[in-house]
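Here's what TrEMBL has on this protein:
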type     : residues : note
DOMAIN   : 84-146   : domain 'Anoctamin dimerisation'
DOMAIN   : 149-726  : domain 'Anoctamin transmembrane'
TRANSMEM : 157-186  : transmembrane segment
TRANSMEM : 249-268  : transmembrane segment
TRANSMEM : 314-337  : transmembrane segment
TRANSMEM : 357-376  : transmembrane segment
TRANSMEM : 408-427  : transmembrane segment
TRANSMEM : 537-563  : transmembrane segment
TRANSMEM : 584-611  : transmembrane segment
Amino acid sequence: QDEEKWDFVLVSDIHEVGSEKEIKRKKFLDELSKKGFTIKKIEDKKLFYGVRAPKQIFWKYQWLLRNPDSRLQCSDVPHDVPVTTRIRIVSFILKNTTTPDLEKFHHLMKQKVFEAAFPLHEKEEVREFLKEKWARWRDIFCQQPIEKIRCYFGEKVALYFAWLGWYTCLLGIAAVAGLVVFVAGITVFSSSQVSKEICEATDTIMCPLCDQKCPFWRLSDTCTYAKAGTPLPRTASRRRVTHMIDNEGTVLFAMFMAIWATVFLELWKRQRATVVTNWDLFRWDEEEEELAMELINNLQHEPRQYQHSYFRSTIVLLLVLLMIAVLIGIAHALVIYRVVATALFTQCDFELLREQANTVAVMTGAVLHYITIVVMTKVRSEVPWALLPSLEKPRTFSQRESNFTMKIFTFQFFTNFSSLIYIAFFLGRINGHPGNYVRVAGKWRLEECHPSGCITDLFIQMAIIMLLKQTISNVMEYLIPWIAYKVRKKQQRPKKRRMMLGEEEEAEDPCKRQWLSNYQLNEVNVFSLFDEFLEMVIQYSFTTIFVAAFPLAPLLAFFNNLFEIRLDAIKMMRLHRRMVPRKANDIGIWLQVLEAIGILAVIGNGLVIAITSDFIPLQVYKYTYSPCATANSTGVDCSMGYINHSLSVFRIQDFESHTKPGLAPTGVCCRYRDYRNSDDYSYTAQFWHIFAARLAFLILFEHVALCVKLIAAWYVPDVPQSVKNQFLDRKHSDLRKELRWVMPRGCQG
């Protein structure tokens, strides 16, 4: 049975005898034979070569590293090292075997000498257990068998699923808190003094919201439409949403999420320390293992030295900045779309579309933003591959992976968040005012914040993007590999049957069916797991950075992750070829990325509350300008009069000559959202009071949140005491054994 176990399978087209590709293939296989590899050939539509490494290679590995693998329970009898270790070593040797022409395996792959190389999904006990107990939708609420995952896919994949499970578990706490804040916001709305004032503002005439055909409107219309059940103008539904998310509970929730992010990472560090200690990998040295495998492959190998070039680093930095500039340009294009779409919708003959012009522009802009994310995700995979090898020249695979991770995450972060950053911090603040609007190409005026607040636009944008990413993207993530697998399987079936009829002896080979079925699965590469990590880290960014504007983000992420775990499991076990297992004792540079996101979350939420939200203007009014501040008004709501105080006055005759607003109402003035004088439209003293309060709150919030994060990080140790004591006992035991060997010799002397 051992003779039929193969470490790797190489696949090649059937080349003409004596052709250049056939000669190169033979040279590479000859080099493997010189190293003691056993090679088996099976011919079908393609050529399949099964390779098995000699046991001496694994003995050298164990001897060099004094590796505990031989003691592991998941060792696959009769091998004395785990299957995952065998595959990893063989994969390394395959990639680093050099032909007499100084060509390695990746060169031969580029030249189409070989088409594929992969380890096999074998019918072993661990695999059958994972297929039945883990990679099924019905097990969505079951605990993951991390040890079994490790024994089949290696430590890196096991750590990914351990991290994802831990993240999802703690996300449940944040989801409950966000839901409570959201429900509390709905309750607050029903008794809001601000909403009451809007409903009673029958004499407040608002300025038109566009240049052409938009009418003057009464502020109270938003309440009247909502109560009548007729189609709402764009203010009505937004006013409801605004009070759900823009209230005092939002500030507390933003602070809670800053603490949650820190506690989550600190608890993960403890969990990771416990897990890798049980695996005997806490102090494992990746560089030492890589050097050992290089020597096993070639005893004359000289280690590649660390290199750094300021010139190459400068080029890489400039290219990254160029990439960011392109993404910011795309965000500007989305802004222009919203501006132009709003102008066109307001001139539409369809009444409902005209009334909801701004809301429709926001929602279609969000969908367009999602499409941009999907397109740029496809584009980004082509950029870093060319940059990393030629410019940075990393010494180890870990360095290469870290460099790749930072660039791709930066790319994806700006792709996902550049438009959100504009909506959160610039929308409605750079558009000017009636009579002096800032315009695109001198024609279309920039969007302005509605009296309900710009935080609603941010809420809509985040809700649409998260819902689309967690529905359409996940469905496509499963359907595309599933369809590809079914198509390849169907294409292979008839040809396999013809082979079986024509060559009966070869058809009876027990390996043939297994190799063909593995070949039909979808291809994986060394960065396949990277895409899964990236997807979750971007989701973590959505869950934390702008959570003050979208308290339901943790809830959506929680339900998504329940399915994501099983989706990834099904893909790995049933739809994809087996990944080359990689040893690891942490999640790598992703931990630093998550910590950076935690800092950005504090800054982002502080800015949302200080700048985007109405929280600060309302507090300034309560304590400086309201009846409570000017007189002894016990029993009076301190927000009384806020709406009237937050609206400036504009003289209708001062409209620009080329604008054509609707019929003017009785009177000569209209109101708009800003803090400006009615004579020269300069900023009022209240504007500067609010500006100072926003700045003070931002500084206070961020310092308090960062201090709480530091205290939480100090309070929760990275490594549990049980792990430290375990290492202490182990050191003590080893020293005692050494001393017992020394004592008898001393006595004899």
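Glycine too: its Cβ is placed from the backbone N, Cα and C atoms.
Please treat TrEMBL annotations as automatic predictions, because they have not gone through curation.
Long-range contacts of the transmembrane segment (584-611) within the same chain: residues 154-156, 159-160, 163, 250-251, 254, 257-258, 261-262, 265, 269, 272, 276, 279, 281-282, 284, 286, 398, 401-402, 405-406, 409, 424-425, 429, 455, 458, 533, 537, 540-541, 544-549, 694-695, 697-698, 701-702, 705-706, 709, each at least 6 residues beyond the stretch ends and with a Cβ under 8 Å from a Cβ of the stretch. Confidence in the domain 'Anoctamin dimerisation' (84-146), given as mean pLDDT, stands at 91. Packing against the transmembrane segment (249-268) from elsewhere in the chain are residues 163, 166-167, 170, 173-174, 177-178, 181, 184-185, 188, 544, 547-548, 551, 554, 591, 594-595, 597-598, 601-602, 605-606, 608-609, 613, 615, 701, 704-705, 708-709, 712-713, 716, 718: each is 6 or more residues past its ends and has a CB under 8 Å from a CB in it. Tertiary neighbourhood of the transmembrane segment (408-427): same-chain residues 320, 323-324, 327-328, 330-331, 334-335, 365, 369, 372-373, 376-377, 380, 383-384, 447, 449, 454, 457-458, 461-462, 465, 530, 534, 537-538, 541-542, 545-546, 549, 593, 604, 607-608, 611-612, selected by CB-CB distance under 8 Å and a gap of 6+ residues from either end. When the domain 'Anoctamin dimerisation' (84-146) is classified with DSSP, helix, strand and coil residues number 32 helix, 3 strand, 28 coil.
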